[in-house]
Amino acid sequence: MWNQKHDLESAQTPLYPMMSESPELRWSFIRKVYSIISIQLLVTIAVAATVVKVHSISVFFTTTTAGFALYILLILTPLIVMCPLYYYHQKHPVNYLLLGIFTVALAFAVGLTCAFTSGKVILESVILTAVVVISLTLYTFWAAKRGHDFNFLGPFLFGAVIVLMVFSFIQILFPLGKISVMIYGCLASIIFCGYIVYDTDNLIKRHSYDEYIWAAVSLYLDVINLFLSLLTLLRAVDS
């Protein structure tokens, strides 16, 4: 009985000062978003583990022309699907269908990246990602409760991602060596840590209740990009 009363009082406590909406509704929305993200991460782990374990899959992608073409398609698919996903993210069941395609395609790309990485580096990246994501999420909820706002990070993070994209393009055309890869991985990790805080703050304060798919996509991308950034950094250190 005491626990039920305590939970009810916790649910009625505002998540941030001057909160005008119902805390129960916002908490329900937050739980729904994190449930979707959890399913996405489980699908990603299952698909990526299959790609890593079944050696013939990575061999097909790296040694055949059809495999290379399919790899390019898998890389482009999440980018292509994000356009209709943004447009239909409030339209059920199309939003879930597009989300599934987006998640599976990205999971394949993650799996192929992990297929050429040592198990130790993958494990280190997974542990670091989990610790950082949980820590930053708890911090953002704590900071929001005390009136801190992280909306100002948006323009800076967007500009930083543009710099990363240009740096990646240069790296493809003119490989800059191990040190440059380490610097890239370190900077990318910091940037996506910022995005986790920024998108969690949006989840708490700004997303409408119908934007659960887009909120989940944003945080899922933050987690995956942080993992890949740490993987890049640790792989360069390990080489």
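Backbone N, Cα and C atoms are what each Cβ position is placed from, and that goes for glycine too.
The transmembrane segment annotation in Swiss-Prot covers 41-61 (among others).
Within the same chain, residues 60, 95, 98-99, 101-102, 105-106, 108-109, 112, 213-214, 217 sit at least 6 positions outside the transmembrane segment (66-86) and bring their C-beta atoms closer than 8 Å to a C-beta of that stretch. According to Swiss-Prot, the feature transmembrane segment maps to 66-86 (among others), an assignment based on sequence analysis.
The transmembrane segment annotation in Swiss-Prot covers 96-116 (among others). Residues of the same chain lying 6 or more positions beyond the ends of the transmembrane segment (96-116) and with a Cβ under 8 Å from any Cβ of it are 36, 40, 43-44, 46-52, 57-58, 61, 71, 74-75, 77-78, 81-82, 84-85, 88, 122, 213, 216-217, 220, 224, 227-228, 231.
What Swiss-Prot records for 121-141 (among others) is transmembrane segment.
Per Swiss-Prot, transmembrane segment is recorded for 156-176 (among others), and the stated evidence type is sequence analysis. If one looks beyond the transmembrane segment (156-176) by at least 6 residues along the same chain, the residues whose Cβ comes under 8 Å of a Cβ in the stretch are 184, 187-188, 191, 194-195, 198.
Beyond the transmembrane segment (179-199), the same-chain residues lying 6 or more positions past its ends with a Cβ under 8 Å from any Cβ of the stretch are 132-133, 136-137, 139-140, 150-151, 153-154, 156-157, 160-161, 164, 167-168, 171, 215, 218-219, 222-223, 225-226, 228-234, 236-237. Feature annotation from Swiss-Prot assigns transmembrane segment to 179-199 (among others); the stated evidence is sequence analysis.
Long-range Cβ contacts of the transmembrane segment (213-233) within its own chain (Cβ-Cβ under 8 Å, at least 6 residues beyond either end) map to 33, 36-37, 40-41, 44, 82, 85-86, 89-90, 95-96, 99, 102-103, 106, 110, 113-114, 117, 121-122, 124-126, 128-129, 132-133, 181-182, 184-186, 188-189, 191-193, 195-196, 199-200, 202-203, 207. Annotation source Swiss-Prot lists transmembrane segment at 213-233 (among others), citing sequence analysis.
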